[in-house]
Amino acid sequence: MKNNIITPRYNLEGVFLRQIHSFVCRKGRTTTSQLSAIKKYWSLIGVDFQLNALNFSSIFKHRAPIILEIGFGSGESLVKTAMNFPDKNFLGIEVYKSGIGSCLHYASSYQIQNLRIIYYDATEVMYNMIPDDTLSKVQIFFPDPWHKKRHHKRRLLKNIFLKIITKKLIIDGILHIATDSESYAFYILDEIKDIKNYKNLSEKNNFVKRPVSRIITKFEKKGLLQGKKIFDLMFQLKK
């Protein structure tokens, strides 16, 4: 397992180029059990970052529709979803080592066979590793909203990234986003409105009800208890 989660960029003179990311590499505590899970199970479930496209048949035992989840947090809901849909293959991307360790722990406990995870920046994974026209669904649940206006440049779900996703989805594939930030929800609607390939599956062209397939996370439960409203956005890729 590689410890770097971004690819450093340099100019022709060898000077490091500062990049804007949708995450901050916080020095959060990775527990002993999480580190142990990484050591034991990464070789079984983890996929190292590479600069060329993945061959999905080489990382999954069975051929099946592929669902990509970006930013799976602890991985508990991702693992449960993979258990609920054994006829699908799941690929998760996460930038925090604690989340990687936690997900590996859950997956190994339930002996999940249809899940693989990547420890790297999602933008670079999408650019380099995900072949075009291969994903049946992309799900991004509770991405960092970066509330302050000066931090909006860090938001993952900008127009350029949403366009990248259109290249990776199959026709009629689904993009499903959930957020507890109303301002971010409307920001996403604004960023995606000019991308003609996306069809909003909401009757009112805004939000949909939470589908039963999306498991309510601990983070979401906490927000609901605090009176927060959850916004589900769902789009289908059309020709």
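Glycine residues also receive a Cβ, built from the backbone N, Cα and C atoms like all the rest.
Per Swiss-Prot, the feature S-adenosyl-L-methionine binding site maps to GLU69, GLU94, ASP121, ASP144; the stated evidence is sequence analysis. Marked as active site by Swiss-Prot on the basis of similarity to another entry: ASP144. Residues or ranges marked as substrate binding site in Swiss-Prot (evidence: sequence analysis): LYS148, ASP180, THR217, LYS218, PHE219, GLU220.
Recorded features from Swiss-Prot, shown on the structure.
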{"residue": "GLU69", "record": "S-adenosyl-L-methionine binding site", "CB count, 10 Å": "25"}
{"residue": "GLU94", "record": "S-adenosyl-L-methionine binding site", "CB count, 10 Å": "26"}
{"residue": "ASP121", "record": "S-adenosyl-L-methionine binding site", "CB count, 10 Å": "20"}
{"residue": "ASP144", "record": "S-adenosyl-L-methionine binding site", "CB count, 10 Å": "16"}
{"residue": "LYS148", "record": "substrate binding site", "CB count, 10 Å": "8"}
{"residue": "ASP180", "record": "substrate binding site", "CB count, 10 Å": "18"}
{"residue": "THR217", "record": "substrate binding site", "CB count, 10 Å": "19"}
{"residue": "LYS218", "record": "substrate binding site", "CB count, 10 Å": "11"}
{"residue": "PHE219", "record": "substrate binding site", "CB count, 10 Å": "14"}
{"residue": "GLU220", "record": "substrate binding site", "CB count, 10 Å": "19"}
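The DSSP secondary structure for GLU69 (S-adenosyl-L-methionine binding site) is strand. Cα of ASP180 (substrate binding site) to Cα of ASP144 (S-adenosyl-L-methionine binding site): a distance of 10 Å. In this structure the alpha carbons, written CA, of THR217 (substrate binding site) and ASP121 (S-adenosyl-L-methionine binding site) are 22 Å apart.
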